[in-house]
Structure formats: C-alpha cells, structure tokens
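**Q** I am attaching a structure below and will ask some questions about it afterwards.
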Amino acid sequence: MTKFVFVTGGVVSSLGKGIAAASLAAILESRGLKVTLLKLDPYINVDPGTMSPFQHGEVFVTEDGAETDLDLGHYERFVSAKMRKSNNFTTGQIYESVIRKERRGEYLGKTVQVIPHITNEIQAFVERGAAASHDGKADVALVEIGGTVGDIESLPFLEAARQMSLRMGRNHCAFVHLTLVPFIASAGELKTKPTQHSVQKLREIGISPTALLCRADRPIPDDERAKISLFANIPQDAVISVWDADSIYKIPQMLNEQGLDRLICEELRLDPKPADLSMWQKLVNAQENPEHEITIGMVGKYVDLTESYKSLIEALRHAGMHTATRVNIEYIDSEELESGHLEVLAPLDAILVPGGFGKRGTEGKIRAIQYARENKIPYLGICLGMQLAVIEFARHLAGMTDANSTEFNLETEHPVVALITEWVDREGKVEQRSADSDLGGTMRLGAQRVPVKEGTKAATIYGAEVNERHRHRYEVNNHYVPTLEKAGMVISARTPTENLPEMMELPESMHPWFVGVQFHPEFTSTPRDGHPLFKAYVEAALASQQRKGA
C-alpha cells in the first residue's frame with residue numbers, strides 16, 4: 001500500500017514547499033523507494049493555463065498534455081518519475097467534478113456539502129494520482145498542499161489530509177510543515193513566534209507535524225531549535241533548519257544531513273537502504289567548479305519575473321553542469337529593444353528568445369533575432385522564438401517585408417505564421433480549433449514524436465527522432481515553406497501527419513549555429529542527464545566566445 005507524506009506551508013507563501021518536497025522525494029528515491037509527488041492547488045481556476053505569468057509564473061506541461069503548476073517541473077527534475085495530469089489538481093477541478101456528479105444524481109438527493117463530499121473527492125483525487133505512477137505500486141507519495149495554513153482556500157485540502165490520516169491509520173501518513181523563522185535586523189535575532197503560531201494553527205485543524213522545516217536566511221542555532229521544539233510540541237531532532245542555499249541542488253544533502261528522511265521512514269515504518277546522494281554531490285561540484293563561463297541573453301517580456309521561465313533557466317544550468325560551464329543569464333526586456341539599445345546584445349555569447357503569447361514586445365524580439373543572425377551570434381528560438389525567427393527571415397531574406405503572424409496582425413499580406421485549426425494529438429485523435437475557441441485547454445499540448453531530417457544540426461543533436469512537449473496555438477504556415485527554403489532556411493523536423501514544421505535552422509554557410517524549435521525542450525531537461533539541445537547550444541556559445549577572442 002502507498003504511504004503518504006503531506007507537505008504544508010505556514011506564515012507566508014513562496015517558502016519553497018515544492019523544492020522541499022522534491023528534495024525529500026529525491027532522498028527517499030536514493031534509498032531505493034518508489035516515489036511520486038502530487039501538487040494540490042487551492043485556486044478555483046481549472047488549471048493555470050490561462051493565468052498571467054505575473055500571477056502564477058511558468059505553466060509546466062506534462063507528457064500527457066496537462067497544463068500544471070511549475071512545482072511539477074521541480075518534481076521531474078529531482079526524481080525519475082514522470083508527472084501526469086493526475087499529479088496536479090485544483091479546487092476548480094474538484095468542484096467541477098462534484099457538481100457533475102450532483103447533476104447526474106450520484107448523490108441520491110443528498111445535500112452536497114464541503115464535508116463530506118468535497119473532502120471525499122479530494123481524497124479520491126489524491127489516491128488516483130498516487131496510483132498513476134509505478135503501475136500503482138509507489139511506496140511513498142508526497143503531496144504538496146498549496147497556499148498557507150490559515151488561508152480559507154486551503155481548509156478543505158487540509159481537512160481531507162486529516163481524514164486520510166485517520167482513515168489509513170498510524171504509520172501510513174506523515175506531515176511535514178514548512179515555516180518561516182525571520183531574522184529581524186533591528187533586533188539582531190531570529191524570531192520563532194510566527195512558527196509557533198503556524199504550528200498551533202495546524203494543530204487546531206487536527207494535524208500534528210512529524211517534522212518542521214524552518215526556513216531562514218541562515219542556519220538556525222540549536223537553542224532556537226530547542227525553543228521551537230518546546231512550543232510546537234515536536235522533538236528537537238524533527239526541527240530541521242533549512243537556510244538559503246545558492247543552489248537548489250544542495251537541498252537534498254542539507255535535509256539528509258539533519259535526518260529528515262530517517263524521521264519520515266521511522267514514522268511510516270519503512271526500512272530502506274541508506275541514502276546515496278553521490279549524484280547530487282557530483283552535480284553541485286560541477287556547478288561550483290566550472291572550467292568556462294558564458295553569458296546568454298534571454299530576450300522576453302516577463303524578464304522582471306524569472307519564475308515565468310523557471311524550467312528554461314534550470315535547463316541552461318543543467319547544460320552548464322554537463323559542459324563544465326558557468327552559464328550567466330542576462331535578462332533583456334524586448335520592449336526596450338524596439339526603440340534601439342541593440343548595443344546591449346554585443347557582449348553576449350548567445351541569444352535566446354523563449355516562448356510567449358501576444359503582440360507586446362515582439363518587434364523587439366525580432367530585432368534581437370536579426371542582430372544574432374547578422375552578427376553570427378548563436379541563436380536558439382523556442383516556440384514563439386522559432387516563429388519570430390521565421391518572420392525575421394521572411395522579412396529580410398525571403399522578400400516578404402510585411403511578413404507576420406496572424407496572432408499579431410490578421411491583415412498581414414504574408415501570414416508566415418498562422419493559427420493551426422486541425423491536427424492529430426499524441427493519441428491519434430483529430431483536434432480542431434478556431435479563433436472563437438475557448439482559451440483554456442485548447443492548444444496543441446503534450447509530447448509528440450517527430451522524425452528528423454538527416455544531415456542537419458537537428459539530427460546531430462537528437463538523432464533520427466524528436467520526442468518533445470508542445471504548448472502553442474500557432475504554427476509556421478506550410479504555404480510559405482517552399483519560399484523560405486529557397487531563400488536558404490532548412491526545415492529539419494516536421495510532424496508525420498500534417499507535415500508541420502517542428503524545427504528550423506540555418507546552414508553553416510549562413511550562420512554557425514541558428515536553431516528554432518516549435519516545442520518546449522526545457523520541460524524534459526534534468527540535472528541528472530541535461531538535455532542534448534541545450535548542451536549543443538552552450539557548446540556553440542563557447543565556440544562563439546573563442547572565435548571572438550581569437
């Protein structure tokens with residue numbers, strides 16, 4: 001039977017519950033246990049797909065096409081299990097499911113209430129999500145409950161967790177509570193009172209934490225840990241100090257050294273082999289002792305909120321670990337490039353335009369792409385970044401001066417990028433969309449296998465086939481592909497059924513390394529293995545740096 005570890009947060013949000021849960025899962029996996037993770041989000045949105053990146057940060061896309069919380073990206077980077085749609089659900093999905101059941105008459109005329117109907121549905125979703133991994137044979141499922149203890153939105157989830165613990169019995173559920181111990185500069189000391197109140201609030205709900213993870217900007221002294229232990233009624237060895245680290249990949253070792261995995265295994269009556277964190281130590285060592293250093297310019301419109309590009313930033317770091325390179329990222333606001341200021345691009349070793357939506361800032365991105373092409377700076381375009389590379393090429397090399405995407409200009413004379421209205425999804429089903437379709441859940445989503453053209457950079461990087469995840473509505477217009485190819489562009493990968501361009505590149509006679517991809521490779525990069533495309537991109541940046549210095 002799968003055992004559960006519920007991870008909750010107190011005092012404030014953004015303490016890093018997702019990284020804490022993923023780190024604990026990584027330690028348990030290193031002990032030979034089969035682990036999976038779930039994220040429960042208390043907002044009423046069905047999923048984060050239509051939420052602003054400023055509100056929510058990145059939307060992480062799973063292999064089966066779910067638009068999910070960015071914490072699922074952390075989960076996949078820390079453990080070997082692949083996340084699915086069932087690994088993330090929201091209050092909106094729970095209420096939607098309960099209301100559908102009520103309309104079908106499944107409650108037999110009963111008054112439908114938060115308790116027991118909503119809490120029962122939450123428990124069913126949790127158990128179904130845990131059963132989706134490892135053929136239903138996961139040893140431990142870590143369940144992160146979003147929000148903060150005390151928020152009205154989180155109460156049904158916490159109550160469901162309490163009921164699960166009661167129903168399953170002792171030694172089948174554990175609770176890890178993440179809380180803040182702030183340092184007050186004027187007093188020159190750490191304050192434990194917020195943590196005491198947070199634990200008290202949790203105990204009022206009926207939950208006593210197995211372990212307390214105390215977040216601070218510095219290690220918490222033993223006397224403060226003893227004080228927290230006394231007032232929170234938790235053994236002192238279960239009060240874990242989690243201080244700010246310069247790399248999230250140091251957290252598994254930090255938690256293991258303080259015995260968190262031992263506490264959880266004892267609580268759940270598990271007796272696995274000792275933890276082996278040598279892989280994590282090796283990765284941290286590679287990160288801290290690089291042989292090279294490069295600077296990549298990321299040109300976007302959400303650059304003030306880097307959470308919007310979380311998986312992409314981590315993918316570049318992974319590539320750095322696997323090429324002995326420190327990768328510095330310069331965030332460049334594309335709107336500032338629209339009025340000039342291209343001189344900020346000159347010192348860069350490579351330029352990257354990530355995915356995005358909407359017209360704002362696109363002309364600045366196109367100017368950055370033109371600069372990269374004309375100055376032979378390695379370029380990687382992802383999703384929108386590929387579409388804009390096609391537009392730039394069409395305007396300046398293929399004679400279509402007003403080329404554009406119908407996303408930005410419906411009246412353009414040359415719609416080289418247009419709305420995709422019909423395609424075959426990963427399960428072979430025909431999907432159809434129009435400009436009037438709902439925004440939520442109507443994109444081309446999830447992983448798809450695509451053959452690669454021989455003799456291209458894409459083939460050198462990927463081999464014969466690409467299997468990557470998508471999240472987009474617009475595609476390169478096949479009508480213009482012959483004209484683009486005649487001007488020198490290489491379409492190096494196409495979908496097998498609709499023949500839609502998936503990868504484009506420029507031949508070496510035109511540019512040393514210029515690649516665009518319609519998919520999102522950052523979602524499949526892990527610190528363990530890196531990603532072939534990002535490794536090739538970093539290597540191209542290193543080569544460019546050497547050419548400049550020669």
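Note that Cβ sites are derived from N, Cα and C of the backbone, with glycine treated the same way.
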**Q** Please state which member of D69, D71, D135 Swiss-Prot lists alongside S14, L15, G16, K17, G18, I19 for binding ATP.
**A** D71
**Q** Name the one residue among E335, E336, E407, E411 that Swiss-Prot lists for the same L-glutamine site as G356, L384, G385, M386, Q387, R473.
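**A** As annotated by Swiss-Prot, G356, L384, G385, M386, Q387, R473 share the L-glutamine site with E407, chosen from E335, E336, E407, E411.
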**Q** Reported as an integer number of Å, what is the Cα distance between T192 (UTP binding site) and K227 (CTP binding site)?
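**A** On Cα coordinates alone, these residues lie 8 Å apart.
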**Q** Max Cα-Cα distance in Å among S14, L15, G16, K17, G18, I19, D71, the residues listed as binding ATP?
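**A** The span, Cα to Cα at its widest, is 12 Å.
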**Q** Take the C-alpha atoms of G16 (ATP binding site) and E144 (Mg(2+) binding site) and report the distance between them in angstrom, rounded.
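**A** Checking the Cα atoms of G16 (ATP binding site) and E144 (Mg(2+) binding site) gives a distance of 11 Å.
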**Q** Consider the recorded positions K191, Q387, H520 and say which one has the Cα lying nearest the Cα of G18 (ATP binding site).
**A** H520
**Q** Taking the recorded L-glutamine site as G356, L384, G385, M386, Q387, E407, R473, identify the other residues of that chain whose CB atom sits within 8 Å of the mean position of the site's CB atoms, giving them in sequence order.
**A** G355, F357, C383, L388, S405, V417, H472, Y474
